[in-house]
Amino acid sequence: MFCCYESGFGKVNRFVALFARQSVVNEPPLGASDFKAAPLLQTHLLKHGQGGSGSAGSNFFRALALFGAGASGLLSCATIAYASDEAEHGLECPSYPWPHKGILSSYDHASIRRGHQVYQQVCASCHSMSLISYRDLVGVAYTEEETKAMAAEIEVVDGPNDEGEMFTRPGKLSDRFPQPYANEQAARFANGGAYPPDLSLITKARHDGQNYVFALLTGYRDPPAGVSVISASQALLCFVL
């Protein structure tokens with residue numbers, strides 16, 4: 001991206017500099033070799049004149065020079081921001097050969113089913129998936145009958161009924177996954193002040209997506225000899241928690 005900018009706007013900037021220098025110090029008029037640096041501007045220059053009578057052409061090139069300087073500044077800021085964003089994330093995650101990354105590839109449905117079982121047994125006690133409905137699992141990890149039976153195991157507050165009262169009913173396919181906590185304050189109280197993130201779109205919400213999540217889950221190692229960690233008997237290899 002930056003190289004393309006240099007090859008395009010760089011030629012324009014050099015040509016504008018030559019034109020500005022000519023108008024200030026009365027250098028000889030621009031020649032054919034100068035036009036080669038920016039061939040698309042030759043027609044405009046000939047139309048408005050090269051000498052003092054070409055005031056419209058001079059104004060055009062001054063505006064173009066300002067535009068080039070502004071574009072250069074914006075690209076420089078973007079480059080610095082990208083570099084600081086990379087540094088902010090510390091060590092880079094390993095890149096894993098995911099079988100579903102290809103254009104014609106698809107997810108391993110058996111792996112999705114195992115992942116949902118792990119979520120139910122381990123993660124769901126703290127983390128929500130508030131954007132996922134039970135019907136999203138049909139044909140992906142379970143059959144429709146299996147998913148209906150799974151949804152029926154939960155109780156959902158619904159209503160009001162004809163008497164204006166709320167009631168509970170068995171879950172159905174259109175219901176979202178149940179929340180582990182009633183609200184954010186309850187979640188923070190149960191987790192020492194930390195708020196467990198929702199996992200519905202976690203791979204889109206984290207830098208390097210699925211590589212980050214997989215490295216986070218599998219990156220725990222025993223600490224080196226003689227090193228003690230604060231929170232647990234294991235140390236996370238790739239991240240600082």
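Positions of Cβ are set from backbone N, Cα and C atoms, glycine also.
Among the features that TrEMBL reports, domain 'Cytochrome c' is placed at 110-217. The heme c binding site feature in TrEMBL is assigned to Cys123, Cys126, His127.
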Original post:
Taking the center of the Cβ atoms of Cys123, Cys126, His127 at the recorded heme c site, which other residues in this chain have a Cβ no more than 8 Å from that point?
Top reply: Tyr119, Val122, Ala124, Ser125, Ser128, Pro180, Pro196, Leu199
**OP:** Work out, from DSSP, the number of helix, strand and coil residues along the domain 'Cytochrome c' (110-217).
**Re:** 46 helix, 12 strand, 50 coil
